[in-house]
Amino acid sequence: MKLVIGLGNPGSKYVKTRHNLGFMVADKVKEQLTINKGQTILFKPKSFMNLSGVEVAKVMKQKKISLENLLVIHDDVDLEFGQIKLQFGRSSAGHKGVQSVIDELGSQDFWRLRVGVGRSVEEETDDYVLSEFSEEQKQKLSTVLEEASQKVLHWLKSN
């Protein structure tokens, strides 16, 4: 069994924000998932980003998911907009949602799909990730979501 977590914040206020990119990718994966449906759990925590680890740990325990079968999808300000990296066993690099997952699991030995949102030189990081995408980013967003979902689907097939 594999567990794919999309990180984001609940509520209509956050739906179109950069911080909800994990939710957006998870939704795209759900649309496209045709293989391993019975062996894959897609999950979007209902708690706010910084507390998401509690729900992730609960699902992992209930479903007996091992760390190597966990993939957490999240936004990343350290990557340029649209850049995507699939990595294993990395620190949170300051991402509070990822840190919550690490804290609750007691380990960073799980897969992460980091989806770049870039940085703002004008806004504080917290304000930037909680704001909506720029017009230029919105034009490219569907391509980014497609590329990210394809990486998730490939991970599901190959791991």
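Placement of Cβ uses the backbone N, Cα and C atoms for every residue, glycine included.
Feature list (source: TrEMBL):
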SITE      ASN9  site 'Discriminates between blocked and unblocked aminoacyl-tRNA'
BINDING   TYR14, PHE48, ASN50  tRNA binding site
ACT_SITE  HIS19  active site, proton acceptor
SITE      ASP75  site 'Stabilizes the basic form of H active site to accept a proton'
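Feature annotations (TrEMBL) mapped to structure.
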residue: ASN9; record: site 'Discriminates between blocked and unblocked aminoacyl-tRNA'; Cβ contacts under 8 Å, 6 or more apart: THR17, HIS19, ASN20, PHE48, MET49, LEU130
residue: TYR14; record: tRNA binding site; Cβ contacts under 8 Å, 6 or more apart: GLY8, ASN20, LEU130
residue: ASN50; record: tRNA binding site; Cβ contacts under 8 Å, 6 or more apart: LYS96, GLY97, SER100
residue: ASP75; record: site 'Stabilizes the basic form of H active site to accept a proton'; Cβ contacts under 8 Å, 6 or more apart: LEU7, ARG18, HIS19, ASN20, LEU21, GLY22, HIS95, VAL115, GLY116, VAL117, VAL129
Discussion item. Among all protein chains shown, how many Cβ atoms are found within 10 Å of the Cβ of PHE48 (tRNA binding site), not counting that one?
Written reply: 16
Fill in: Number of other Cβ atoms within 10 Å of the Cβ of HIS19 (active site, proton acceptor) across all protein chains
24
Worksheet entry | Beyond the site residues TYR14, PHE48, ASN50: chain residues whose C-beta lies within 8 Å of the centroid, for tRNA | GLY8, ASN9, PRO10, HIS19, SER47, MET49, LEU51, SER52, GLY97
Discussion item. Taking DSSP as the reference, which of helix, strand or coil describes ASP75 (site 'Stabilizes the basic form of H active site to accept a proton')?
Written reply: strand
